[in-house]
């Protein structure tokens, strides 16, 4: 029987509030099974970018990452957010190890080639390229990997990668070796029929139902790429949940069928 | 017989120039024995600080680290500098792992208590507290730890720590298990009698000689804390060299007696 492994993604809005972040990290620390945390930090990166006089550019929710913006996200994701999360987890007794995909070459990637839009230093990775052996080495050694959404091109450059995609990829790659559960945490109790009404939580969501809700415009904008990533992992047989960050160990949120 | 381990500290001026940095990292990658890199980044932190409207404050070469400055050094050291070095080392085939002292709890520290000067979030560590087991786990696993000069207080806060002191501490702690060689690399060929004349290199320097040179004002300012750290490691029986970053594998520089 495979060992259980919980992979949790926490989004930017969870990170922005210090008290919420502490609460989530404390609950995360209390999870008994081996675990991995993946975090975003887009809002902090955008704020830093503006302070440094660089106007953030987004296309369909994806950050256009020129050389200066790559520095900004490296500082925000790899430095400020990642290292503070690691320090907080250590305070909660969780032996966290902060990682980018460059560290120990855990996630090699390729700079995105797109003829229509130049995304800049944005990286796409193959799930098969994820360094399962090295991640297992850390996990079996009692460490809890904490990922920011940076990968590398193996030629010396870091690459900005979507954190939701990274979470799905890591969960999928590790499902070869572990019994993986993937949880996306954010500021809502799960997938809602009405984003403004928490009571409209969808407790179970299948792919056809999701497509219908998307066609009807009920699921829209940021939830679409998140759910596409989540369903991609689900198709590999991984249990996937989407829930409120403050309900990590209590509510089931939305479970993907 | 103990395994050889080379601990190399590279200073801020080496990091500032992209070509010099690449050269040093390539030479570092070519070292056959297990190795650890420790880097500074003070100039990059000061530049970032100024861009963000925070005037850097230094007392006797030590940065006063208030809460905002701690964020700046976390971004600069832990993010920008550390992760770029890791990505470059990976490109040179060196399996680097970027670390702060919070990661895997490798260097727990205490916030400095000083009645006269409030250094803020500055950390002092005990050499005996360095997590030798965890560092060995990484090294024996074929990884090359790359440290920025941040530690943590085990209560959730990162702490700014002098990189020269960190290098000496790590070298000393690991000398219990490894045959350690410590090399301080910077922009000069070693300890000079005349800082402006590379031909005045002191090839061998003992502690009494150093004290005499210090009393005579020949060794001064930034070299004093560097040499104090270097001699502290030397007293533990560690081979210590001080040399030009571009001569990492060629010149002996200054050898401490």
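The backbone N, Cα and C atoms fix where each Cβ goes, glycine too.
TrEMBL entries are annotated by machine, without manual review.
Given the structure is predicted, the values throughout are model-derived calculations rather than measurements.
Cross-referencing A:131, A:155, A:160 with the substrate binding residues that TrEMBL gives (A:41, A:42, A:63) picks out A:160. Distances between the Cα of residue A:226 (site 'Transition state stabilizer') and those of the recorded positions A:9, A:41, A:63, A:160 are shortest for A:9. The Cβ of residue A:160 (substrate binding site) lies under 8 Å from the Cβ of A:63, A:65, A:69, A:70, A:73, A:120, A:121, A:122, A:123, A:149, A:150, each on the same chain and at least six residues away in sequence. The number of other Cβ atoms within 10 Å of the Cβ belonging to residue A:63 (substrate binding site), over all protein chains shown, comes to 23.
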